[in-house]
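Asks: Starting off with a structure, shown below.
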Amino acid sequence: MAEKKNTSSYGSIPSNIRIDSGVGSPPISPLMLRVNKDNNALKGWEFAGWGNNSSAVASDSELNEIQAHLSMDHPKLSEWLATAICGNDILSSCLYVSGLVASKAGKLAPLALAVVAGILYLYRFIYGEVLNAVPLNGGSYNVLLNTTSKRLAAMAASLAILSYIATGVVSGTSACNYLAAHVPSLQIVPATIGLLFLFSILSLIGITENDFRTLQANFDTTFPDINLAGDIIPGNFLTAIFFGTSTAMLGISGFETSSQFVEEQAEGVFPKTLRNMWWGVAIFNPMISLLSLGVLPLNGPGGIIDKKDTVLAEMGLKVAGERMQLIVALDAFVVLSGAVLTAYVGVVGLMRRLASDRVVPEFLLQVNKARGTNHFIIVGYFLVATSLVLILYGDTETLSGVYTFAFLGLMTLFGTGCMLLKYKRAEIPRTVIAPWWSCILGVSLVVTTFMGNLLGDPTILTYFALYFIAVLSLVYIMFERTFLLRMCLYCMRQLCPSQRNDDENETHSLRTGARGGQTIARVIREINEPAIFFFCKTPNLNVINKAILYVRNNEQTHTLFIVHCHPRGTAVPEGFKETVSMFNHVYLKIKLNFISVEGPFGPAMIEWVSRKYNQPKNLIFIKQPNHNFAHTIASLGGVRVITG
């Protein structure tokens, strides 16, 4: 609002209230501030404006109606339906991982796959603790968003996007390899692109003794030679275990899928889903590898290494002839094609979450009127996945390496996020606890296997880095777009200065000192238009200051609402409005508004505020709750925990 020149504003906080209710907390001293609202170093277009105070009443009838709606039994996924969705992703990898592991570990391939099952056992409890404390969709992105900065969480999101891209490409290529086992004339690259295109359209529409001798012969073979950063070194027991286990990590890719739709699962289902996936991996992957050693020779034409892309089909041919080979090939084609569809569904859900959080461009949320699907996401995914197929010419081993790097990066960040959750969000109630030693050991083993894949073929890292940097660049351009626009404005001011004099005293002037600069200033204001809401219980200077700093560092906004809920018949804590007003004069680039709402805090209140002020719940923040908190994080509908 406009102010007369040389007008001063005074603010005070009463001395008879306590900021902190803890034992021994001293009463605050009177604090007087003298603020001249006219003299600040900001340009008129940079100034967010002065905030205001308002109040609202959430009636019992409104809250009861909302609570009744929230308490209704909404359809949720059962244990086996949730397991089926994840299982299609994680168990489909057994169709191509056995041969790849055998090429590194040789006769110790089953042991390498068993070691991976042990690593996955540790991650069962890591995932269990995180999603028990913060049961929200998003996987690694979600846990880092609630424990660290949004930028670090965006890095995890970039890895997740790349993981979905690689999932579709690897599964599509492997499916076509199995089909080519019975149709030799099939061209893998065009067929894979055709399969990706088919599912993009569907997504747009919306849809005995001899065996023992073979086994013994394979165990008599030497360990396979290893490509170590371009040099071929002779294999031994250690190289077989190390590089075999590193490659075998591909066999558990998809384990993170369940955490991407935890909100759609019924209560108590998620840990059972993790358990079922672990048993599937622990049984099927080593067993299939062991059976392949009992049916096929390890080396030579038609052996496991020679046919590493279609091991199961070759086993079918060896055991029961061409008819069984056809059955296995068609079955593998269908299962792997299902994994392609899972990748499309997963990436659409993830990108929608990221777009609503303003991590990727919001136009990706647009839906076509005919089918109600997100066409920009689906078409973009198809184009990027197709480019990866063309660049690597359908090489399953290299494609799998790209996938493995992305997946292991996600696993590392998730394990790190669990440890940060223990340290920074220890007060959040949870019933599943992963011991510190299991977190440290699990992350260390995953990092070790990451290094094993890097040493095995460093060239794969180049392809991974290219796509990861491309995705990460898109994300960080979104984060830094106001900074980039300011840089453009600075350059324009130097190269094309305006002929008009700036009126420095005009509070809301869009004059920038550059020709055409008003357009950029207007765009910056539009980017910063969406507001953030923060629920605050007491006028604690430390908490409010941390919330403001978090919003300034992680969100592109110039408006923050501090919301306080107080019981009916009671007044707002003394000094709350003055505290918010004080911060409004400290942080001039963000407008602080205070809203006092009469009514009890809880899920119904958050829903009421969301509806009344048309505020998305993912842009509503809260302080970390303590052990006495009456509600779970899940019941609050997706709000973000930002301070300790």
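Cβ from N, Cα, C; glycine included.
So TrEMBL has the following annotated:
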- 108-126: transmembrane segment (TRANSMEM)
- 152-176: transmembrane segment (TRANSMEM)
- 188-207: transmembrane segment (TRANSMEM)
- 237-255: transmembrane segment (TRANSMEM)
- 276-298: transmembrane segment (TRANSMEM)
- 326-351: transmembrane segment (TRANSMEM)
- 372-394: transmembrane segment (TRANSMEM)
- 400-421: transmembrane segment (TRANSMEM)
- 433-454: transmembrane segment (TRANSMEM)
- 460-479: transmembrane segment (TRANSMEM)
Asks: With Cβ-Cβ distances below 8 Å as the criterion, list the same-chain residues six or more beyond the ends of the transmembrane segment (326-351) that contact it, or say none.
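Replies: Same-chain contacts beyond the flanks: 85, 88-89, 92, 95-96, 137-138, 141, 157, 160-161, 164-165, 167-168, 171-172, 174-176, 178-179, 181-182, 195-196, 199-200, 202-203, 207, 254, 257, 260-261, 310, 312-313, 315-316, 360, 364, 373-374, 377-378, 381.
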Asks: Based on Cβ pairs under 8 Å, which of the stretches 188-207, 372-394, 433-454, 460-479 lies most in contact with the transmembrane segment (400-421)?
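Replies: Ranking 188-207, 372-394, 433-454, 460-479 by Cβ pairs under 8 Å to the transmembrane segment (400-421) puts 433-454 first.
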Asks: Under 8 Å for C-beta pairs, could you tell me which stretch among 152-176, 372-394, 433-454, 460-479 has the largest tally with the transmembrane segment (188-207)?
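Replies: By the under-8 Å Cβ criterion, the transmembrane segment (188-207) pairs most with 372-394.
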Asks: What stretch in 276-298, 372-394, 433-454 has the biggest tally of Cβ pairs under 8 Å against the transmembrane segment (152-176)?
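Replies: The stretch with the most close Cβ contacts to the transmembrane segment (152-176) is 372-394.
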Asks: Using a Cβ-Cβ cut-off of under 8 Å, list the residues of the same chain that are 6+ residues beyond the ends of the transmembrane segment (433-454) and lie near it.
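Replies: Here the qualifying positions are 119, 122-123, 125-126, 128-129, 242-243, 245-247, 249, 401, 404-405, 408-409, 411-412, 415-416, 418-419, 422, 460-461.
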